[in-house]
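This report refers to the structure that appears directly beneath it.
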């Protein structure tokens, strides 16, 4: 890392025609010192694909089951999972999905 001798800001590396120089974005000072070509990454950046996870499309048959009464149909068995829905220092929220009617409800600790 190099800093600008005029303003003290971190210098950036910039290409200028056939050479590579240090450039200050604040005061515009250009330093034509030797810059190692290995400092520059010539490969184009590849954007990573984001994976969107939708809990409604998740395969619920793989979730654990528990004995709990569904508030909608009265069935006594539901799938359950835990999810952090509030701040990290607070308890997770427990979700249930009725095996019979598919109703989803939550329980806070």
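Easy rule for this one: first residue shown is 1, then count along the chain.
Keep in mind that glycine also has a Cβ here, set from the backbone N, Cα and C atoms.
TrEMBL tags one of the stretches 1-20, 21-40, 41-60 as region 'Disordered', and that stretch is 41-60. Other residues of the same chain near the Zn(2+) 2 site, with their Cβ within 8 Å of the Cβ centroid of 70, 73, 98, 101, are 71, 72, 74, 75, 78, 99, 100, 102, 103. Helix, strand and coil counts from DSSP across the zinc finger (4-27) read 0 helix, 11 strand, 13 coil. Using Cα positions, the member of the binding-site residues 4, 7, 24, 27 nearest to residue 70 (Zn(2+) 2 binding site) is identified as 24. Nearest Cα neighbour of residue 98 (Zn(2+) 2 binding site) among the listed binding-site residues (4, 7, 24, 27): 24.
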